[in-house]
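According to TrEMBL, the feature region 'CPSase' maps to 1-195. Annotation source TrEMBL lists domain 'Carbamoyl-phosphate synthase small subunit N-terminal' at 3-133. The L-glutamine binding site feature in TrEMBL is assigned to S47, G244, G246, L272, Q275, N313, G315, F316. What TrEMBL lists as active site, nucleophile is C271. The annotation active site is assigned in TrEMBL to H355, E357.
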Amino acid sequence: MTRIAKLALADGTVFTGTAFGAEGEVYGEVVFNTSMTGYQEILTDPSYCGQIVTMTYPLIGNYGINAEDSESRGIFLRGFVIRELSPVPSNYRSELTLDEYLKQNSIIGIEGIDTRALVRRIRVQGAMTGVLSTTDLDDDSLIAKAQSSPELVGQDLVQQVMPTENADWSEGLNTLARPTALFSAGCDGNDAERPHVVAIDYGMKLNIPRHLQESGCKVTIAPGTSTAEDILALNPDGIFLSNGPGDPRPLDYATKTIQDLLGKKPVFGICLGMQLLGLASGCDIFKLRFGHRGANQPVLNKATGRVEITTQNHGFAVSTDSLPDNVEVTHINLNDQTAEGIRLTDVPAFGVQYHPEAAAGPHDSHYLFKEFFDMMCTPATS
Ligand SMILES: NC(=O)CC[C@H](N)C(=O)O
């Protein structure tokens, strides 16, 4: 029996489609991702907490769901909007269908709507709050709910997704007799020699500690609310600032921790981590109209002149209007000239707005993990 679902936007637009996944009603910021593949990594990226995610690629679910490709312990986005659900996955790795996976995780899906019209509306008017429901199918009621639901701006969503305890990253340790080619000559690869990275987890994607480990590091994961004392007590050689959901500006606890750590150990941040590094260094943050979410965003590395094709998922950006004297822009988004990378000139600290760990997407930017490794292996100049 076909189940109806409706998506209502705060601007009064309503889309009627077919429900899949769970029953119920949710609200969230409606955004879109242009990736053709990687829907399992997108579903399990904690950075989407608080959002209803639309896929522009029309056929979703065609390779099912498997045990290896998840980027976290669950699904944190609020709802999933697609054009056409593939009911029969064709993939030897598939263990369950997308519909079964969303049901297991109590996530509402809607298919069969005009996703092109939805995306064009978001591109023109900007990301906006929406309500996705299988229980209330009255347009006026849903529009009123969308207009009265809280916006994502100003929300600290990190505390809804971050871990609450420290943990050693041990996945695959027994398979890494020696780190991969990314390993620098600096250390000889045995555990005592590996640089120890403490990754502050604001909603970290799992492929990030995998890449830190494969680049030769030992990794300890710490909650996003850790203080500088908590982090330094773990005796790190370097500090990693992870991706994460929501607006970076209310995360005062995180900004303070980073300010207290800058100059003490090398720092590398990705996405939210770069935004927090920027805030800690006195940069301003602004909200993009509809964000950058996809796996084909061109980024210019200003130092090398090379263009990297990157995976991105962010709705906020570091403003380049009034950069502090000790902050340099290292990477630029070629679609809109926004900052995709910064570094501090007075202490060993840098960050990128995009996702060099891919998962899913291109591998053009893996070099950044080696740069961080080498930064930790280079004796600090007094
Ligand atoms: N992937 C991320 O870390 C996203 C950072 C931040 N929540 C943003 O939307 O810009």
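These residue numbers are counts, starting from 1, taken along the chain as shown.
Glycine residues also receive a Cβ, built from the backbone N, Cα and C atoms like all the rest.
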DSSP, reduced to three states, assigns Q275 (L-glutamine binding site) to helix
DSSP puts the residues of the domain 'Carbamoyl-phosphate synthase small subunit N-terminal' (3-133) at 26 helix, 47 strand, 58 coil
Close in space but at least six residues away in sequence, with Cβ under 8 Å from that of F316 (L-glutamine binding site), the same-chain residues are D247, P248, R249, Q275, I285, F286, K287, L288
Candidates C271, N313, H355, E357 (recorded positions) with CB under 6 Å from ligand 1, in sequence order, are C271, N313
Excluding S47, G244, G246, L272, Q275, N313, G315, F316 themselves, the L-glutamine site's Cβ centre has within 8 Å the residues N243, P245, D247, P248, C271, H314
CB contacts under 8 angstroms to the residue listed as 'active site, nucleophile', restricted to the same chain and 6+ apart in sequence, sorted by sequence, are S47, S242, N243, G244, N313, H314, V352, Q353, Y354, H355
In chain order, residues whose C-beta lies under 8 angstroms from the C-beta of G246 (L-glutamine binding site), counting only those at least six residues away in the same chain, are C49, G50, L152, Q155, D156, L157, V158
Rounded Cα distance in angstrom between L272 (L-glutamine binding site) and E357 (active site) is 14
For G315 (L-glutamine binding site), the number of neighbouring Cβ atoms whose distance to its own Cβ is within 10 Å equals 22
Within 10 angstroms of the C-beta of Q275 (L-glutamine binding site), the count of other C-beta atoms across all shown chains comes to 31
Listed in sequence order, the residues of the same chain lying six or more positions from E357 (active site) whose CB sits under 8 Å from its CB are K205, N207, I208, R210, H211, I270, F369
